[in-house]
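Q: Straight out of TrEMBL:
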type     : residues                      : note
BINDING  : 82, 83, 84, 88, 114, 192, 197 : ATP binding site
COMPBIAS : 379-390                       : compositional bias 'Basic and acidic residues'
DOMAIN   : 79-274                        : domain 'tRNA(Ile)-lysidine/2-thiocytidine synthase N-terminal'
DOMAIN   : 307-335                       : domain 'Cytoplasmic tRNA 2-thiolation protein 1 C-terminal'
REGION   : 371-390                       : region 'Disordered'
């Protein structure tokens, strides 16, 4: 009888003799648990250094990097970590604390969570964040939609139904994180967006024909033109590797999907990307690289950023998307800022005696409905994905 072969040896470059137990999704290398964790952390650290996210000491790395422009994060800065209790934010918080200790970044890290008001989901996930606060010894601040906007997601869904609820939640959550970061005195915000998220976003913006978002959606740092830049240290980390890292290090996280997520626009792009990855494993990185190479011609009119007349938040029109959505909820016009009409309506406005045409927003006018994802758009997406060949 042929003797059963054991697991292959660890393929770590450091010559580890332990048996391999994990296949890294990003490059297919087979590693033991400790070497996988070290390799994952090194990848994140390299991403941080190569993209100048942190100002680190020269003796903290083993590869050559120019430090003259490492100015995104300065020693002693307060950095908010967007914490939802899920796998991505839990791993982000753990890795950030680990690297901050190992490489002496000198950052004042704080957890920031948003309570959307979804009973049976967010209240449970916040328990996981509370455990992270205790285990990682990081301060935690929690803000709620109800306090910020006067509405919870449960209230919103009760009013509008289960269509378009992700549009409301996405807009409100992004602004809530910014407001929370300002509240705790943070000057930077890091989020747990991973490589799968980035690839899905590229595909979504291609399907929507959203040139403005397509050009910037793969940026590892966004919002540099404002007062609160955002960074994505896990940009090149595959979702499967994040899950394995959490399991290897026995990290506790909340893994239940949001009860309102099944109808989300992103879900169709996610399924397609996963199917594509089965055929071509590097599809995720290829999509990201494609997005990074996109550049918009100078003659193409792009939205101009300014501040919302009502709340002062950054926007490309007179009123920000969040204020439009709140106005719609309060007045009963729940389509306001959500649905795009079949034909672009042009509104004539008078500015200092001159007439100016503003589009419905998907063009240079930057209308708040540009990110809408109603059921009609979802149906169009299903058809487009079905027609794609891979």
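Just so you know, glycine gets a Cβ as well, placed from its N, Cα and C.
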Q: In the domain 'Cytoplasmic tRNA 2-thiolation protein 1 C-terminal' (307-335), how many residues does DSSP call helix, how many strand, and how many coil?
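A: DSSP classes over the domain 'Cytoplasmic tRNA 2-thiolation protein 1 C-terminal' (307-335) add up to 11 helix, 3 strand, 15 coil.
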Q: Given that the record lists 82, 83, 84, 88, 114, 192, 197 as binding ATP, what is the largest C-alpha to C-alpha distance among them, in Å?
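A: The span, Cα to Cα at its widest, is 20 Å.
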